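Features of the protein shown, as given by Swiss-Prot:
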- Thr30, Leu31, Gly32, Pro33, Lys51, Asp87, Gly88, Thr89, Thr90, Thr91, Gly415, Asn479, Ala480, Val481: ATP binding site (BINDING)
Amino acid sequence: MAAKDVKFGNDARVKMLRGVNVLADAVKVTLGPKGRNVVLDKSFGAPTITKDGVSVAREIELEDKFENMGAQMVKEVASKANDAAGDGTTTATVLAQAIILKVMKAVAAGMNPMDLKRGIDKAVTVAVEELKALSVPCSDSKAIAQVGTISANSDETVGKLIAEAMDKVGKEGVITVEDGTGLQDELDVVEGMQFDRGYLSPYFINKPETGAVELESPFILLADKKISNIREMLPVLEAVAKAGKPLLIIAEDVEGEALATLVVNTMRGIVKVAAVKAPGFGDRRKAMLQDIATLTGGTVISEEIGMELEKATLEDLGQAKRVVINKDTTTIIDGVGEEAAIQGRVAQIRQQIEEATSDYDREKLQERVAKLAGGVAVIKVGAATEVEMKEKKARVEDALHATRAAVEEGVVAGGGVALIRVASKLADLRGQNEDQNVGIKVALRAMEAPLRQIVLNCGEEPSVVANTVKGGDGNYGYNAVXRRIRQHDRHGYPGSNQITRSALQYAASVAGLMITTECMVTDLPKNDAADLGAAGGMGGMGGMGGMM
């Protein structure tokens, strides 16, 4: 077992505090619309330029192991805030540093760390309730656009694109951010259900000018098996031909004789058919086939439940208003499935999302909900260079997360003003003893830190602005873009309640753990450990003197 280095009490806390300050000082320069960029060196390729707090935090590793422990604990604040709300990482880091700096002084003065922690926890618990009371719903497009604009560093184009995307695919719809091909940001909306599987043969193409297959009011056959024998399909093909409608086949695979016969029939005009592979693999494929069946009012033909393809009838087939298939994707528009059945399926998947343990599973389940509930919107980010593209894409993703959080829990006054208002309301809050009262005061004072840092990053005097804002009420706050203090309307500069709440809770949680730390243990560097071992060995040789 490796030798350990151990530090106690104030020595441990001082080292930890140094690490906290290094990380927080690097992160907090990015806060607010006038926040600065941070350049991150990469082992290969061009350096990354970012204004994203969690991206900066994740890059920081300190040489001193005790200082690094402090930095890593604050890094946890940024990561947790990012996981919970997708944004607010810099705010959380600034709050954590403010609480830790002030409360460490109280601990050094001899106050009880446990009572200080209880005071901080009490203040934060009441503050969260006050934030909830202050929040107003964020439901109209103007409010959504404002939240997106603020979070994207006052980029109005991004805010409007996010609001438009939410308007088209709904609050539950999937909105993704991708690299664009030009200089302008674009919004691409895919209505209906789209999955990543294209036609199995180019001979199915009936729109040569677009290289796509378009089927109007088709029947849709869903089979959870490979189809290689055309005899299995003859009854269905004959029934569809009599009905005079096209047919889309979605199966695990269609190959050999079956595929060749379908191609020949299509080319001769006997029946208009297209075949694609089912999306996904294994259990996910079965689930997605069932989603398509629910959306189109069809039944999945599966031997697992005793259904045979030869016995399938028109009643087992799904239907849609239109299907578009190209080389890589299939889009089903306006399936005829019953609304109640679709909502039931969505509720079932939402339950699975709550129970999911991995982020990957959760993301895939959310995509399925979106495909059933509305559609998918893609925001394509335009930029002149790859470095700018990365930075802008990160900002758009943050804005998207902030907007979703605002829709979920409402908005409060942004720019740190909501925390100032909450702190003013809690001025008379008291604990069970004087040490707890100090903890409460520390938490309330720390709530000013985000506003102060935003003002500092604008090159103004934080104390003057903070005191002026404290003298007002409601949305009276500092506009960092125009660099002036003014009364704003409800949509002036809103911030997400969820992001503000998460930042405060995670900052207080980690600060509480750090102030109650009395001992830190880490491995000795290898050189120090080797020297220690060698000294021990030489000491044992003292007995050799008696042998001379």
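Glycine is treated like the rest: Cβ placed from N, Cα and C.
Here the features listed in Swiss-Prot are painted onto the structure.
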{"residue": "Thr30", "record": "ATP binding site", "DSSP class": "coil"}
{"residue": "Lys51", "record": "ATP binding site", "DSSP class": "coil"}
{"residue": "Gly88", "record": "ATP binding site", "DSSP class": "coil"}
{"residue": "Gly415", "record": "ATP binding site", "DSSP class": "coil"}
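Its Cβ placed at the centre, Gly88 (ATP binding site) has 31 other Cβ atoms within 10 Å. The C-beta environment of Thr90 (ATP binding site), restricted to residues of the same chain at least 6 apart in sequence and closer than 8 Å, consists of Val27, Lys28, Thr30, Leu31, Gly35, Gly53, Ala78.
Lys51 (ATP binding site) is surrounded by 22 other CB atoms, counting those within 10 A of its CB over all protein chains shown.
Cβ contacts within 10 Å of Thr30 (ATP binding site), excluding its own Cβ and spanning all protein chains shown: 22.
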